[in-house]
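Database features, via Swiss-Prot:
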BINDING   ASP202, ASP204, ASP253  Ca(2+) 2 binding site
BINDING   ASP202, ASP204  Ca(2+) 1 binding site
ACT_SITE  ASP202  active site
ACT_SITE  ASP204  active site
Amino acid sequence: MNRNPDQNTLPNITLKIIETYLGRVPSVNEYHMLKLQARNIQKITVFNKDIFVSLVKKNKKRFFSDVDTSASEIKDRILSYFSKQTQTYNIGKLFTIIELQSVLVTTYTDILGVLTIKAPNVISSKISYNVTSMEELARDMLNSMNVAVIDKAKVMGRHNVSSLVKNVNKLMEEYLRRHNKSCICYGSYSLYLINPNIRYGDIDILQTNSRTFLIDLAFLIKFITGNNIILSKIPYLRNYMVIKDENDNHIIDSFNIRQDTMNVVPKIFIDNIYIVDPTFQLLNMIKMFSQIDRLEDLSKDPEKFNARMATMLEYVRYTHGIVFDGKRNNMPMKCIIDENNRIVTVTTKDYFSFKKCLVYLDENVLSSDILDLNADTSCDFESVTNSVYLIHDNIMYTYFSNTILLSDKGKVHEISARGLCAHILLYQMLTSGEYKQCLSDLLNSMMNRDKIPIYSHTERDKKPGRHGFINIEKDIIVF
């Protein structure tokens, strides 16, 4: 009687793969739970650990040379992690180990290992900007917005920074050059590339493979330092993850975006690195000043903001020929707030083809109303704008994630009015629409302004969800 090999041979192969991986004969439960992971397990089993150890050592030598650890310690940590499953009997923890080991064996070489080989020549592409000429203008603009009253009784969360940030920054500079199609930067470091006088801390990045990159980096740090590294996901920040050490010290964070979003983000090329176009960053800064917390930051360190603002103003002057003469025309656009329904109506007909923009302060309400409109042409730019946009029957619909400042009862403060205008202009830039005249008027509307006190402000939209995390040491993934 002939036997079907599928009934005997293949299960025996699967059993052998699992047995080799665990270093023991699996229990019946382990076998049935892990058999669908046989392909991943086999990749882990045949993975060349010696080559991997060599890559980690090279990464250590290049980016973490000041960390006091020996080559033998690195090797021991790596081999210990790749044999961890032999001492693990909890099915959930085994699944976590398999998932994280799979990421390492399939992606580490291409993502971080490649940083150890000779880099392409850097294409020097810097332009000399006269930032000094914009410093007084920036100071005048920021001074008129420096209106937050600091509540000394307010307890501020401390942002503890790891001593490894400088090492990770060195790695990130190379990473941004090697992976400039999938990873771009913004914030202080990107402006530092334009103006070396800018101070920066960690490097802010947007990328299309954030989770994989952060897992690989977390393991690199773990293998080099021996520290327990934790990856956290914050529910109210879209597609955001952060790496912290076991003492809750911040190492690096990243926003993940789709490739189609990456393709439309305005960017410029400097020294083999793509940075978010400073025009776009300037609009984001103007938008963020509507957030009361950001105005409090401004009052604490105005010179830090002044250096950034002056750099971006000089960039837009040079790039777009913006003339700062105080001619603001219809900027900021008229904004009327419905505090009960939490919607701001912005009159846009003087600048755009759509006559008005309805800005929702509650994302769920906007989503519901878009469904009622039966419109399927909304644009979601993820964390780039923190909002979707829809134009329907000559009306733009969008969501604004920041607070709205009021200068009097029922009256939108001009800081928030400009923030709302900037939010609309972000859409214009992302969709290759017209924005330069509006940009010129918006920037000129910030000149020669008196300080206007804040009467009150709306609350931010409350985001549902729970914190997620990956704890490498404890073999836990919660998302």
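The backbone N, Cα and C atoms fix where each Cβ goes, glycine too.
Remember, it's a predicted structure, so these values are computed and weren't measured experimentally.
Annotation for ASP202 (Ca(2+) 2 binding site): same-chain Cβ neighbours under 8 Å, separated by at least 6 residues, are VAL161, VAL165, VAL168, ASN169, HIS250, ILE251, ILE252, ASP253. A coil conformation is recorded for ASP202 (Ca(2+) 2 binding site) in the three-state DSSP classification, outside any helix or strand. A sphere of 10 angstroms centred on the C-beta of ASP253 (Ca(2+) 2 binding site) encloses 20 other C-beta atoms. Excluding the listed site residues ASP202, ASP204, ASP253, the same chain places GLY187, GLY201, ILE203, ILE205, VAL242, ILE252, SER254 with Cβ atoms within 8 Å of the centre of the Ca(2+) 2 site Cβ atoms.
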